[in-house]
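Trainee: Below you'll find the structure I mean.
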Amino acid sequence: MGSVPIETFSIEEKQLDIEDSSPVQRAEWVLNSPDPQPLCHELISSIKQTVFPYGKKHSSSSKKQTPRDYAASFLQGIFPILRWGRNYKASKFKSDLMAGLTLASLSIPQSIGYASLAKLDPEYGLYTSVVPPLIYALMGSSRELAIGPVAVVSILMSSMVPNIQDPVADPIAYRNLVFTVTFFAGTFQAVFGMFRLGFLIDFLSHAAIVGFMAGAAIIIGLQQLKGLFGFSHFTTKTDVVSVLESVFESLHSEWFPLNFVLGCSFLIFLLLARFIGRRNKKLFWLPTIAPLIAVILSTLIVFLTKADKHGVKIIKHIKVGVNRSSVNELQFNGPHVGQAAKVGLITAIIALTEAIAVGRSFASIRGYHLDGNKEMVAMGFMNIAGSLTSCYVATGSFSRTAVNFSAGCQTVVSNIVMAITVLVSLELLTRLLYFTPITILAAIILSALPGLIDINEAFYIWKVDKMDFLACLGAFLGVLFASVEIGLMVAVAISFAKILLKSIRPGIEELGRLPGTDIFCDISQYPMAIKTPAIITIRVNSSLLCFANANFIRERIVRWVTEHENEMKDNAKGSVQAVILDMTNMMSIDTSGIVALQELHKELVSHGIELAMANPRQQVIHKLKLANFLDKIGRGWIFLTVSEAVDACLNSNLVSLSSC
């Protein structure tokens, strides 16, 4: 109890010391700030944070961590289940059991449908709902995220891998290539997470993802017309023009109306169940079990009426048994390794973007934080393990995660329950799916697509940011009329163009003092802000002064100074005496930026104008020291705040009375 007042007193004492310090002392704080860590140390530190996330960084006691403590921290970082599993209770298991069984009832029919979308045999979709969820349960940190095959990743596979290997001509080679792509996708995901490269997935902006998802949903829907109508021949292309041409050509050839009638009937049933479940939250389970009911009923109808003899296409044989090893089927020596790695990279980014977005959405509802880098590591290892056990790329599904959440899941144990249920189904129930019509799988996929098209979000993006909407529209049209790769490239290109435009042409503001304060703000945003006579205070809205924008910033400042000089001379108010750069926003600088500052200083000095800097950040002041720039402008022209810089200029007799 006695230590609390002493600690409070010491804090108050420090505050008094800060208040009593002079501007010169505060400027020394800036000049004598510690040097930043070298790049190699930052890299090692980032890996340590990933591997030892629960190690004690700061400890009030002098006790050192033992190797056992480090081992425990390492294992808990890799396997979060070791941390929370010790406090797992039976009451939570009851909730997870019900959620897992509910999830399995949706996963089984969806997994079979998504496998057909990826141009794989049905069992591979079920395999993908077994091993990846189990690995994620050990390594993942999201409590709600439901792992398995998803529509977007499946369409990526079916649109990109057939360009390398024809699934009809050689289905075994195609399947092996899919496993290889999955291995590369998992490797990229794990590397992104271990080296904390999560920012790479941010190049696919939210707006681009909205457009991409909408375009992909339409393409997926059009692809399902093959199963819905029972077409025998259909295009392998994914653009809307080719698909529609194939549909019209097939309509004039052999197709079976019974497929269409059966598929549309159950599609209406699934959409109706979805509508009822959304209107009445207590009936959330109805759209969840509706796909399984549709599979059971349609299979019985086909079996009892022998509709397969009248043109209704059925799944037929599904291999019985658990995942088999695919280690020997990975292709690392063939001619397509480079192309497989490229597809793996694209798939990895899309899968991560969807999973992390879904995981964070539900984590925010439950009030906990989800570390994107740890999620990448978990996703990576689960897909690497999946590629070795006959799975293709798995990720977090929004629709199944929503079902998992609504069913009351408490932890990732619901994924374990779901995986075990699917495993049991592979052993015992696959024979019963022999007569399941393919048109039902198409109906199940079509019923899940409305959730991928968010018109309200697109309208919101248009209202808030037109440049973002351009990225959204570019991704949508690119996927729709070209291909999935083109759509992604267009979206990333527009996002990059937006970043480059703001980096190359950053905003530059003139600052003024708010009346009665020491706060300096943009005079265009705060018209009441007062400009200081003969002093130009400028803030550059860029985190980096570099080769891309250095000359633009220098020329803009010089032009601004010239305009102010001419204006002051016309009004007989003297001339500009000082330029103050507020460097608060500038996080780093390169050699081109330093050269630009040197040229700016030289040009200003030639006109009798001093250059001052306020609050340069750690990286900036460190590099300016190394370049000896501080000695050129004088260390006395570095300040902690803009207010102190202005006061110093006023007190140094730089500003003549005539200027005021």
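Placed from the backbone N, Cα and C atoms, the Cβ positions cover glycine too.
Found this in TrEMBL, in case it helps:
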DOMAIN    545-649  domain 'STAS'
TRANSMEM  173-192  transmembrane segment
TRANSMEM  199-222  transmembrane segment
TRANSMEM  255-276  transmembrane segment
TRANSMEM  283-304  transmembrane segment
TRANSMEM  375-395  transmembrane segment
TRANSMEM  401-425  transmembrane segment
TRANSMEM  432-453  transmembrane segment
TRANSMEM  473-497  transmembrane segment
Trainee: If we skip the immediate neighbours and take only residues 6+ beyond the ends of the transmembrane segment (401-425), which ones have a Cβ under 8 Å from one of its Cβ atoms?
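Mentor: Residues 81, 84, 88, 92-93, 95-104, 106-108, 111, 126, 129-131, 133-134, 136-137, 140, 142-147, 281, 284-285, 288, 322, 358-359, 362, 365 contact the transmembrane segment (401-425) from elsewhere in the chain.
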Trainee: I need to check the long-range neighbours of the transmembrane segment (283-304): which residues 6 or more away from its ends have a CB within less than 8 Å of a CB in the stretch?
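Mentor: Same-chain contacts beyond the flanks: 102-103, 105-106, 108-110, 262, 266, 269-270, 273-274, 276-277, 312, 314, 403, 406-407, 432-433, 435-437, 439-440, 443-444, 447.
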Trainee: Going by DSSP assignments with H, G and I as helix and E and B as strand, what are the residue counts for the domain 'STAS' (545-649)?
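Mentor: So the domain 'STAS' (545-649) is made up of 62 helix, 15 strand, 28 coil.
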Trainee: When you scan the chain for residues with a C-beta under 8 Å from the transmembrane segment (199-222), skipping those not six or more beyond its ends, what do you find?
Mentor: 117, 151-152, 154-155, 159, 192, 238-240, 243-244, 247, 349-350, 352-354, 356-357, 445-446, 449-450, 452-454, 457-458, 461, 465, 468-469, 471-480, 484, 487-488, 491-492, 494-496
Trainee: Six or more residues beyond either end and a Cβ under 8 Å away: which residues meet both conditions relative to the transmembrane segment (375-395)?
Mentor: 50, 78, 118, 120, 124, 127-133, 135-136, 139-142, 147-150, 153-154, 157, 178-183, 185-194, 198, 323-327, 330, 347-348, 351-352, 354-356, 359
